[in-house]
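The transmembrane segment feature in TrEMBL is assigned to 26-49, 61-88, 100-121, 142-164, 198-222, 243-266, 272-295. The domain 'G-protein coupled receptors family 1 profile' annotation in TrEMBL covers 42-293.
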Amino acid sequence: MSDVNTTSNWPTFSFIGIPGLEAAHMWISIPFCLLYLVALGGNFLLLLLVRAEQNLHEPQFYFLAMLGLTDLGLSLSTMPSVLAIFWFDVHDVGLDACLTQMFFIHTLSSVESGVLVAMAFDRLVAICAPLTYTRILNHQTVLCLSGAALIRGATLLAPLPFFLRTFPFCGANILSHSYCYYPDMLNLACGDVTFSSVYGLVCVLCTFAVDVIFILVSYMKILGTVMKLGIQDRNWKSLQTCVCHLCTVLVFYLPLISLAVLHRYTQETSPILYTTMSNAYLLMTPLLNPLVYSLKSRQIQAALRKRFVVQRVVAGE
């Protein structure tokens, strides 16, 4: 790791890997590599299915494809630094590379949160206003909601790298994670970081906090509508889709909230806990999302069976 202890505007940062287990990094890299392969393969397969299967050309699956694309971006953003640590014992990263990785991680996380809101809106309209579903959730609406999630994330988070460029950095500049994370980098900056810290908090409130509130209100409305109508076959199928979405929401927000709490309100947290939560935040979400929908969505299951059966028939011929 870097032992630089001088103040610099162009510093080198050091990733810590997994503290205390440096000698086992090569062995630890095996499950990490497998998890990345499953995450990349699962989301790529999901995108192929949505593109190829005509019966998946519906708003909920378009949003699911957007979610898969975002998860691919998150995995590819963190994979170089994580595997560089475990495979090649490379812990140092320059400022430009660190800021670039940080921007993509935070922007894609914001986009994913926005897509989850769009998926909640899709289920809200499908259950509470089914007669107007096709009129409200048309292709133009899907494009607008997806574009809004992307523009919101990129616009709000674009200033973060520029804020960090204005600060000198002191000390060894050792990061708490296996990737560059804005609060982590801000803690290493010298000078008054009040404005940058407040702006980061405002971004969190304007994205994740607002999104969580909208998702909770949507599902309270959905639950109330279902209870009034009774559990019919159509409503039961819709609720199953909602369960998939709620699982995805929990997989995304629980590690995110836990990591934010660890950064802001705990000072003596074990470094291993930091590392575990940070890896869960950005690795488990891309890994579990395609698995959840593959196990719960009948349309995805049918598309998978169709593809594999066709391939087996072709191979047999």
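The backbone N, Cα and C atoms fix where each Cβ goes, and this holds for glycine too.
Automatic prediction, not curation, is the source of TrEMBL annotations.
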Mark yes when the transmembrane segment (26-49) and the transmembrane segment (100-121) have three or more Cβ pairs under 8 Å (sequence separation 6 or more) and no when they do not.
-> no
Distal contacts, the transmembrane segment (26-49) - CB-CB under 8 A, six or more residues away = 18, 56, 64-65, 68-69, 71-72, 75-76, 79, 82-83, 86-87, 279, 283, 286-287, 289-291, 293-294, 300, 303-304, 307
Give, as a single whole number between 0 and 100, the mean pLDDT over the domain 'G-protein coupled receptors family 1 profile' (42-293).
-> 85
